[in-house]
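Colleague: If you scroll down you'll find the structure; I have some questions about it.
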């Protein structure tokens, strides 16, 4: 039996054509994805999806429609993750704050409560992208990808705690480049001892280039301060502040160019390897927006608790503020995303791991950091890009080590070991810096005095 021309055209429209990507993966494009209306899934979404679980809705199937929809959304959003037990930390943190418990308890509970919230924000942005299309979904993922760091920075700036902003953002970059990537390469290499793991270098080259640009913009105020002759301190501080604001605007322009490059002109480079388990559309558009606003509000509340208590918690634990902000805060706060990156490295899907680690570090370096400077400028707080010599040196070496590690497009466990050891060295440096131990300071003072007398 012969098909007429209209039936042939209909069959071409209903059956998607396979397209071979550069990495050899066959992806089928539907009419919606060709027109930019498809579902947008980034490496961050795939990383977070490894921690999700299917919800059993059979218990509420007999309830009335309105109540069934509400309970179904509640079950999908709250219980649809393997981290659902950590949601208990949210009311406990609020209760600890209300009953004025120890500042260390409030800080710890708030930090634990942020772990599932960050993963749920990724889930909700992916659900919304089912309805908004690939372009809007990609922009939403880019905006909410590091919402926790941005909200913490804004609350710290409101309280004029500029050092905490610098520490936490630097720590997020270092943890992504050295801890997350190092752990992923180590365990991925051990799992695949018989062969080297391979990945597409194009994505890493783009991210490393942007990280080097961010490093240049962060180093220039420090270099300027040390290069000029010792003139009026007020003049040097003002010039450093103006230079920081100018370079922040440049970094934001670079970030918008990066978004255009990632979402439109060269989106095939950032196309993640699809995992076998694909998430379905489980909540509606307005429900997703409602839950996203609610989750963001809770993140803002816990972020305020964190900023209020981080100094007291550091002192009670006997840790320097720099160590708590640079090492402890990023490790726990981004634990869900980090765990997802390691899981995909174990599955030999390093492109997703690199998309998570390098993508998050790049977004913080060229978007969150300069945006914090601009926000501080707007609210009348003087925040510059003059990170201290130790911090800037740690950032520069971390970027260079990561760049050399990824230069050949292959990976093995020894590269992960090197990255992790670099992170340990940097963490040790911040642990012994500004150590809040009065006895140590007194002992050092006595030693200096005795040395002076001997001289």
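Cβ coordinates come from backbone N, Cα and C, glycine included.
Automatic prediction, not curation, is the source of TrEMBL annotations.
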Colleague: Of 44-66, 136-158, which range does TrEMBL call transmembrane segment?
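Modeller: Based on what TrEMBL states, transmembrane segment spans 136-158.
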Colleague: Any chance you could find the range in 105-124, 170-194, 323-346, 387-406 with the most Cβ pairs under 8 Å to the transmembrane segment (206-224)?
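Modeller: Per the Cβ under 8 Å count, 387-406.
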Colleague: By DSSP assignment, list the helix, strand and coil residue numbers for the domain 'Sodium/calcium exchanger membrane region' (288-426), in that order.
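Modeller: Computed counts for the domain 'Sodium/calcium exchanger membrane region' (288-426) are 115 helix, 2 strand, 22 coil.
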